[in-house]
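Here the structure is laid out as structure tokens; the discussion comes afterwards.
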Amino acid sequence: MNTNTPHSGSKSARPSGFSLTDWMPKIVLAPTMVIALVCIYGYMIWTAVLSFTNSRMLPSYNFVGWAQYERLFNNDRWMVALTNLGIFGSLFILICLFLGVMLAIFLDQKIRAEGVIRTIYLYPMAISFIVTGTAWKWLLNPTNGIQKLMIDMGFVNFKFDWLINPHMVVYCLVIAAVWQASGFVMALFLAGLRGVDGDLIKAAHLDGASTFTTYRRIILPSLKPVFFSALVILAHIAIKSFDLVQALTNGGPGYASDLPANFMYTYTFSRSQIGMGSASAMVMLGCILAILVPYLYSELRGERSEK
Amino acid sequence: MKNNVVGRKTSGVDKALRIALYATLILVAGFYLMPLVVMLITSMKDAEEVRNGTLLSLPSYIHFDSWEKAWSSACTGSSCHGISPYFMNSFKIVIPAVAISTILGAINGYVISLWRFRGSNLFFAALLLGCFIPFQVVLLPMARTLGWLGIASSTTGLVFVHVVYGVAFTTLFFRNFYQSIPGELIKAARLDGAGFFTIFYRIILPVSTPIIVVTVIWQFTQIWNDFLFGVAFSGFESQPVTVALNNLVNTSFGGKEYNVDMAAAVIAALPTLIVYVFAGKYFVRGLTAGAVKG
């Protein structure tokens with residue numbers, strides 16, 4: 001019972017024996033422990049179990065091994081969703097990182113009205129993906145949107161119909177998602193830039209390094225941790241993307257712009273294919289863990305070595 | 001270029017570069033603002049102007065008809081009461097969910113950073129994973145659970161869900177904040193006979209205002225903007241505004257009314273935008289809390 005001393009470590013001088021104060025921390029933490037155990041880990045296991053059954057409209061517990069996973073990867077719609085995630089995810093991450101770094105560097109040049117500009121760049125992050133999707137659906141719609149704007153301005157042959165083109169629609173998702181999240185990446189890097197040691201930069205300049213060289217050789221390399229954080233967050237947003245697709249394209253035309261999250265939702269709740277839906281959810285979990293576990297591991301190790 | 005401007009003469013090239021820099025920044029600002037501007041312009045046009053004008057053509061005079069319609073009479077799926085009932089639903093969900101998850105997070109964070117016991121760190125690590133799982137892996141079991149508890153398709157059910165999956169984040173926020181409080185402080189208070197809750201109320205809570213603000217804003221934004229839980233767990237009567245907006249936009253009978261869609265979208269975005277404008281600093285701090293160490 002002596003284990004719950006405050007974290008300075010040494011054993012305190014209080015009398016031994018039962019005291020409510022000793023138990024309080026555990027009692028207080030208990031509800032969250034139960035929640036985490038049941039609603040995170042329990043449910044995860046439950047979904048895993050379902051993914052090995054032939055459940056359709058209702059969960060059943062007839063185990064069929066890996067059959068659902070086999071069906072899943074033979075399912076054309078799932079493969080489209082997975083390919084889309086590959087295209088969408090990599091473009092979204094790359095463009096956001098590029099834009100974010102550039103904008104952060106630009107804003108770091110003693111800009112007047114920096115606060116206002118920063119606020120403008122970042123506001124989309126406060127908005128729901130459903131609103132973003134609705135707005136961009138209107139902008140990208142060829143009959144009334146940007147295409148019409150350009151034609152009316154005199155560019156008669158201007159064509160911008162990605163939203164209804166099955167081969168291009170996934171890039172519409174990229175545009176809208178970049179609009180929403182790139183300002184956030186900018187904010188991350190700007191905070192990082194402000195934390196770089198000023199003396200280091202001064203020394204580089206005294207040595208005759210140009211601004212460009214200083215950024216490339218000294219400042220940006222020191223922002224590696226920010227870079228990794230941004231990467232993980234963006235990958236996480238990409239894998240979980242659901243609302244944006246729902247609002248912007250509803251998966252269409254056909255299922256050309258489905259992402260795994262939308263596939264999972266459709267198969268589990270509208271198509272009564274609980275087994276396959278669960279299998280797709282497990283694949284998504286696998287993707288996230290593949291990114292997250294190495295990241296958390298290195299973070300925690302870093303924290304320990306700092307102590 | 002942090003320090004190198006100082007002590008150098010600005011040449012013509014430098015001046016040109018700075019103009020280009022400002023031009024780029026303003027152009028980019030235009031890109032970020034454009035969708036919001038277009039939404040606002042479109043929402044103030046009448047149907048005729050929407051059909052014949054372009055995205056950027058201004059309305060002849062400012063109509064608020066489509067705002068009124070979006071608020072009180074537009075059709076979202078099968079009912080035609082506008083998005084106002086769902087806007088209220090969102091508040092019914094957000095307020096209790098934010099309050100409960102923030103309180104739980106504060107107490108959890110207090111225990112995990114100042115009353116460590118064997119396994120509390122392991123528990124924290126396990127909870128941390130809860131911040132990042134794709135919620136698709138819990139959707140179906142949660143739907144069954146809500147059914148058993150008798151709170152399926154209700155705002156109460158959604159409050160429950162948002163508390164359950166929000167508490168990982170709130171705990172993380174408070175834990176990181178309380179890490180910097182010296183343990184000696186707690187020890188001294190205990191020697192003076194203060195108990196678990198007394199220390200929390202008298203010592204910890206009074207210094208927690210900034211992190212409470214950050215957490216409340218974070219949770220408010222997250223829950224207001226949620227769509228996945230809303231669409232999976234709500235009934236017709238208990239939909240949050242994001243779900244209603246999506247239904248309104250995708251309801252197709254009676255022809256498309258883009259001006260009404262846009263008005264509804266702006267209304268749905270307004271609460272979080274207002275919070276952002278007035279408390280942007282705290283919003284950004286929440287966003288970066290988990291991302292940048294320290």
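Note that Cβ sites are derived from N, Cα and C of the backbone, with glycine treated the same way.
Here is what TrEMBL records for this protein:
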TRANSMEM  A:27-49  transmembrane segment
DOMAIN    A:82-297  domain 'ABC transmembrane type-1'
TRANSMEM  A:85-107  transmembrane segment
TRANSMEM  A:119-139  transmembrane segment
TRANSMEM  A:168-193  transmembrane segment
TRANSMEM  A:218-239  transmembrane segment
TRANSMEM  A:274-297  transmembrane segment
Per Cβ pairs under 8 Å, the stretch of A:85-107, A:119-139, A:168-193, A:274-297 packing most closely against the transmembrane segment (A:27-49): A:274-297
Candidate ranges A:85-107, A:168-193, A:218-239 - greatest C-beta contact count to the transmembrane segment (A:119-139) (under 8 angstroms): A:168-193
For the transmembrane segment (A:168-193): best-contacting stretch of A:85-107, A:218-239, A:274-297, by Cβ pairs under 8 Å: A:85-107
Positions whose Cβ lies under 8 angstroms from the transmembrane segment (A:218-239), at least six residues beyond its ends: 85, 88-89, 92-93, 96-97, 100-101, 177, 181, 184-185, 188-189, 191-193, 196-197, 200-201, 204, 209, 260-261, 284, 287-288, 291-292, 295, 298
